[in-house]
């Protein structure tokens, strides 16, 4: 039985993992796989592989020495670990290099070439014949066309293809054919062909060769091939054949090969193949001059020479070491290499070529860098290359700005803890180079190993060992560069004292002290005495705030806790782990109800439970810090709140009695997704199982009421299945299997077991009886190229747990055949939403890393009605690319569907995803409004947000429609208002245009006749100007309905008098009085009166124009000479109802006399009227206006005019009149034609617009 690792074992494992990861972050990158040169046919795919260690190294590519980011990379797909050219073209041909970068620096791989395969045509030749003697050798020559890669030569011999050499026919490396022991059957035609193994092109020579066989007498032997000396280039370790074809008689003299005057075939690696010299593996010593000698009895008859040049790829012989340098110093690097021909040397710094400069001095195979800066830190590479290949060696250099002694920036703090608690002291220091930190106590340096504290000790055992010499150490250290933490578990009074942190580097040291105070245990167990005992350490070494639940039973009863000395520990032990009853998934996204029942108390009552929980990622790695909660012993459930939706959490729970803390119970659970109103059907969460708050009685059955039951192993005492194991490479034939344990079922885990199986095989045990302190094991002796899966089993006193989830398939290196289906893990469906009665919106997440970043071409979406059990009912939609949403259409209304997915590429499809159910909406009634369907296309870059929208999309669109309609209506109203204002302004402008301040009556002869009109009190203007009227030189007929604007409150009277006696014609003042005439208010605020219409025949010589109540005459009209008395117009005394105001009397003078009249009249003011202002439009400024209005009496009308529908209005332009009326004046006018529709109205009323 293995000793128990204790409740802090998971924490220790995570600390070791975190520290090892941090320590490896400063690792020099190195390539684990490098790209290889490739020849491909035009349009074919090309894949260049490149991987490096550490795994987080960044991979980039160079093309012909330029970064792909700086040049056009069209048609090239760069992904993690490989570069893919889907269709090879001329633009892709060139040299490629791979760069691996980390925080330390960057390294550059050797240059590889990507070229296009081709095969040229044979040169055009004419056919010829070859004659050979029977029994001798024949030589058939073939000039192979240029090809990439080198073409394979074939021969068509008498209608049959010869692809490889045989006993009789030798196809030489040069492509020529050597026929041995020629016979008559060998006669016929021969034709050579070239075959390209990449493009699979086969091209025939343009001519054929005819072989003739002679049975002639013996002839002299001769060398048929070659006929001239040859130079041959061969790479070291390649095979070489030096050709020498001898023809002649059936038997020829022997053939000898010499090298440097010595027989060449005497050497073991050099052999004769008929008359050819074959060297199996060329070495450097095989270079030199060779000769093929044909001899006869009389001496040497013929020979041919070969010069062999052995090409040797460069190699670097020296070993390099990392260098630590100081800023401002100098450094020298050398590169010892060899090769044939002599290699060229190129230096690179962090994958950038170094050119000679004042600071970089390059001489031969050495480089010297002076006055180093911090930027000179990194990786230096020496590249050597020649015609045979290339090689490189790298060396890391670190440049420190300045050296400095250590400085402790975060010293340990003195603390006061309870007996038996866990203590953490932390110390951080800086310095150049980074200092090393060690701890000291009163006994000296502390150097315990973590493995010594993996055994759990009870508090009783620890207390009983106080003062006992040779006790096991209970403290250990975890250190990395510049930082260290000292952990002391189950502290006792003996550990109290001073602890010193010492930081040391090459230039000095520094130290800081902290004092540790240990208080008795009974002081810490009282509810009112809270100490750091209940705090738990986070993975970063900091303490988190804790949440406490008051123990009401202890507070109310005030029962004192028993002291350690009050009760003997005989027969008592630590409590067993609580039995957690909660399901592994909660129905709420932000809360988990933790429920449990107590295990055996160990003979002492349980004082409290301690719950610690933290967040994990989907791979089981820690994300958040530990949160600690103290729960009273009387409780058996507690809600964990403020959790994140769709997240994985780990819970560690222990019970404490007077003897100490017992074994921990572990659990992992996942919170549910955050519900949204837009998703009607989501994946059903794992239902909870109701557990009463009272302690559960053993042996009582509990029904699930149709709910999914919890894993029965959780109540049987066996541990929970560990998490899915992760696999990492250990060597070419071994792997590391790592896992995370879960709840122990109430009994400590005693061991683990790892099983494995190969694809298509059975499960076998890889390792058994693994101590609980080990969470990783190496599995070796795996077959190269095999595909394996692994699983883990936890074991305690109750038995074995269920098998863990099977690991992802792992392929051992060395397997050359491509996998039939590299896509293993499919996408995960996140959300389904019924958009309409026939459409469902599907959203999913795909993680390329789950399939080793294997490229995919798209997704398959399968759906069928939920009530169907036939897989053939599934329909499939295909989504190309890397979209993460799709709209499934043409569905049945109000029908539930099962939906699942796969990802695929050209080699197959992945496993199925999770299955989701979603029901379409009910069918809409006819005429119901339908919201527009949104564009559901998304970019290729995935959005992995786990929180869906909280409001339906269509409501937002409807709101936009309403807002748009309101804004549109407001704009239309504003435009209408602007149009009305513009129209009103135009009318007023036209009004002012045709109503000048002074209205001029037109006629052939106009005298200075005065037309008098009345305005409201205080005003004498119409439309802002004094209005003046002019009458013609004639009489007004009795019935002429003209307005003369004489309205005042005086009594009616008729009077005539001469106003201007100096003129030939006198102007008479005339008044016309009518009772109760209608009055109108013009827009110039002038009260006027309209006269009743008389017989139109009496107005034949006068025309009315309804324009501000003034009467105009036609320009060609004349007035009568008879004087007509006009009654003054006034208000009747019976004018009641409204209040009437007196109207002002306004007189407008005008002097329009004949030329012989003197116009120097004076204007007297009426004594009974108020003085009024002279009109600004008076032609004679010297004249004044008299009270009243005179009407000129003229002769009878002698001229009539017909009633026309067109009225011509000619405004006068009057020149200034001099004081003497002797000179002639000319008036000009402009005709304006108006419609006369209003003139013929039966009752004339003048109205202003």
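Glycine residues also receive a Cβ, built from the backbone N, Cα and C atoms like all the rest.
The disulfide bond annotation in Swiss-Prot covers 50-98, 142-192, 244-292, 335-382, 427-501 and rests on sequence analysis. The domain 'Ig-like C2-type 1' feature in Swiss-Prot is assigned to 29-113. Taken from Swiss-Prot, the feature domain 'Fibronectin type-III 1' applies to 577-675. Residues or ranges marked as domain 'Fibronectin type-III 2' in Swiss-Prot (evidence: sequence analysis): 721-815. Taken from Swiss-Prot, the feature topological domain 'Extracellular' applies to 26-957. Swiss-Prot lists 979-1249 with the feature topological domain 'Cytoplasmic'. According to Swiss-Prot, the transmembrane segment annotation covers 958-978, on the basis of sequence analysis.
Positions of the features from Swiss-Prot, shown on the structure.
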residue	record	Cβ within 10 Å
50	disulfide bond	23
98	disulfide bond	27
142	disulfide bond	22
192	disulfide bond	25
244	disulfide bond	26
292	disulfide bond	25
335	disulfide bond	25
382	disulfide bond	24
427	disulfide bond	28
501	disulfide bond	24
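If you take the Cα of residue 192 (disulfide bond) and the Cα of residue 244 (disulfide bond), they are about 20 angstrom apart, rounded to a whole number.
Between the alpha carbons (Cα) of residue 382 (disulfide bond) and residue 98 (disulfide bond) lies a span of roughly 16 Å. Counted with DSSP, the domain 'Fibronectin type-III 1' (577-675) comes out as 0 helix, 47 strand, 52 coil. The DSSP breakdown of the domain 'Ig-like C2-type 1' (29-113) into helical (H, G, I), extended (E, B) and coil residues amounts to 3 helix, 42 strand, 40 coil. Among the disulfide-bonded residues 50, 244, 292, 427, the residue whose Cα lies closest in space to that of residue 335 (disulfide bond) is 50. Residue 142 (disulfide bond) has its Cα within 10 Å of the Cα of none of the disulfide-bonded residues 50, 98, 244, 292, 427, 501. Look at residue 192 (disulfide bond): DSSP puts it in a strand. The separation of residue 427 (disulfide bond) from residue 50 (disulfide bond), Cα to Cα, is 41 Å. Summarised as a single figure, the pLDDT of the topological domain 'Cytoplasmic' (979-1249) averages 45. Cα spacing between residue 98 (disulfide bond) and residue 427 (disulfide bond): 41 Å, rounded to the nearest whole number. The distance from the Cα of residue 292 (disulfide bond) to the Cα of residue 501 (disulfide bond) comes to 82 Å. Separation of the C-alpha atoms of residue 244 (disulfide bond) and residue 427 (disulfide bond): 81 Å, rounded to the nearest whole number. Annotation note: residue 292 (disulfide bond) sits in a strand segment as assigned by DSSP.
DSSP assigns residue 335 (disulfide bond) to coil, not to a helix or a strand. Residue 244 (disulfide bond) falls within neither a helix nor a strand when secondary structure is assigned with DSSP, and so counts as coil.
The helix, strand and coil residue counts that DSSP assigns across the domain 'Fibronectin type-III 2' (721-815) are 0 helix, 46 strand, 49 coil.
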